[in-house]
Amino acid sequence: MHNYKKYKKNYFLPPVPSTNWVNKDYIDKAPIWCSVDLRDGNQALIEPMDLEEKLEFFQMLLKIGFKEIEVGFPAASETEYQFLRTIIEKNMIPEDVTIQVLTQAREHIIRKTFDAIKGAPKAIVHLYNSTSVAQREQVFKKTKEEVKQLAIEGAKLLKELSLDTEGNFSFQYSPESFPGTEVDYALDVCNNILDIWQPGCGHKVVINIPTTVENAMPHVFASQVEYINNNLKYRENVILSLHPHNDRGCGVCDAELGLLAGADRIEGTLFGNGERTGNVDIITVAMNLYSHGVDPNLDFSDIPNICNKYEKLTKMSVHERQPYAGSLVFTAFSGSHQDAIAKGMSWREEKDCRHWTVPYLPIDPKDVGRKYDSDVIRFNSQSGKGGVSYILKQNFGIQLPEKMKEEMGYISKSISDAQHKELTPEWIYEVFESEYMGTSHIFRIDECHFKQQDGIIAEVTIEYNKQHKVLNGKGNGRLDAVSNALKQYFSVDYEISCYEEHALEKGSSSKAISYVGITCHDKLYWGVGVDPDIIKSSIQALIAAINRSGQIS
Ligand code: KIV
Ligand code: ZN
């Protein structure tokens, strides 16, 4: 039964209004990024990654440029533990990279975690316990004070073990299930922990605010973050981190508004993989910055490859509409969008624009490794002349005359509509070829000879009805002379009203393509010819146009 009355507002506002973040409209620098793919992401997979897969994923994260990576929950499984031992013992952690491990605030788990990270060159030990009303009441059956003490005891043990264990360690604390926690209570727990860890200039501490289960609108989270930012002790030596989940579909907003509210760091995953609806998608947050001209300090220039590796290792799939990464996110099928994109791209080329302003494309698809010819403009029954001419130009170098575009658009569109299929570039070319070039079956020209004598005289040998005939015609150019010979012989009437040509390929093997439009009875008929010889290509185009006009049977 659909019963909304079962639910109520279940979040807490900060004790004082904290909405200064609303006056900012721009994030001017990248936050510190921490990938939690190998921990939060991995724990949400149907089949968590094995050691080899985690190693390959780790390498990919390094290549992208992550400097902080939560690599696991070493007390949770043998694979997690072995992963830590492998990357530490095989010196696989680059000097400028800090690994992070998660531990609950429970003694035996903390001890096992320190066993796993022995010898780590730089590691953040991430302590968490759940602080929400629901968890205090239902899961732990403990008071606020008792839950705070759990965190404090855990923090003390971290400090003690870090002194007794070989390696270089710093600390992070998360009041897990923060969205269901009273904001001032969460702050109090964090400040108590900071009192124990005593952050300082050379040893900063991370306080990480998660939306473990996202239960409020992003502006509520931003106000909570602003309040915490304003009231954290030792603030200058605290890195305020956010760990958004995506239950309401607002993980990216939480991250962005939280950054406006004063956060310094974002924890998230590639493509938003993670528990339930996932963690915040770091690619989106990073590329959103990029699209405003801010260096995200992460390299997503080869997203297709990242998608493939991610899909292989996690056995998840990247949705076609996933921001910046999905296979369709730069694709325009609609005619008006295609037209605007094609015009925007030409404008860009002509004006040599410095900034990206192409309509409908938030960033240049090339910047994330997508291709213009196959990824941007694709053709179906919603598409039109802009799309078809763009595809012919990009894929085959064919630059349709302006007046021909509309007809070719309609022809292609109706085929796609009738067949309920997308037309590939090859299919579009076939349509173009059979429509405008493949109509020489009624008659064809075998040979042409020209003489210059008071204009041009053409001697044209044609094959018509399986017979060869030699025709003569006179004109002020070669095409005109051939045309006059044909008009006379077939008793047809038309005007050559359009003629265009261009080279089809660059280099010595270049062919010419000619487009001839003839008008008869107020209707325009197009024909196209391709040949290394420009005269031959124009004559072929003329024959195709006459044949298409249906005047000769
Ligand atoms: O979502 C969450 O709250 C977590 C914590 C462990 C930070 O993953
Ligand atoms: Zn999480």
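Here the Cβ of each residue, glycine as well, is placed from N, Cα and C on the backbone.
Around the Cβ of His245 (Mg(2+) binding site), a 10 Å sphere holds 25 further Cβ atoms from the protein chains shown. Feature annotation from TrEMBL assigns Mg(2+) binding site to Asp40, His243, His245, Asn279.
Taken from TrEMBL, the feature domain 'Pyruvate carboxyltransferase' covers 31-304.
According to TrEMBL, the region 'Regulatory domain' annotation covers 439-553.
Around His243 (Mg(2+) binding site), the C-beta neighbours below 8 angstroms that are at least 6 residues distant in the chain are Val36, Ser174, Asn208, Ile209, Pro210, Thr211, Thr212, Glu267, Gly268, Asn279, Val280. Note: the Mg(2+) site is recorded as Asp40, His243, His245, Asn279; in the same chain, Val36, Pro210, Thr211, Thr212, Pro244, Asn246, Gly251, Glu267, Gly268, Thr269, Gly274, Glu275, Gly278, Val280 also have Cβ atoms within 8 Å of that site's Cβ centroid. Across the range of the region 'Regulatory domain' (439-553), the DSSP-based residue counts are 29 helix, 55 strand, 31 coil. Close to ligand 1, meaning a Cβ under 6 Å from one of its atoms, are these of the binding-site residues Asp40, His243, Asn279: Asp40, His243. All protein chains considered, the CB of Asp40 (Mg(2+) binding site) has 23 other CB atoms within 10 Å. Taken as a whole, the region 'Regulatory domain' (439-553) shows an average pLDDT of 91 in this prediction.
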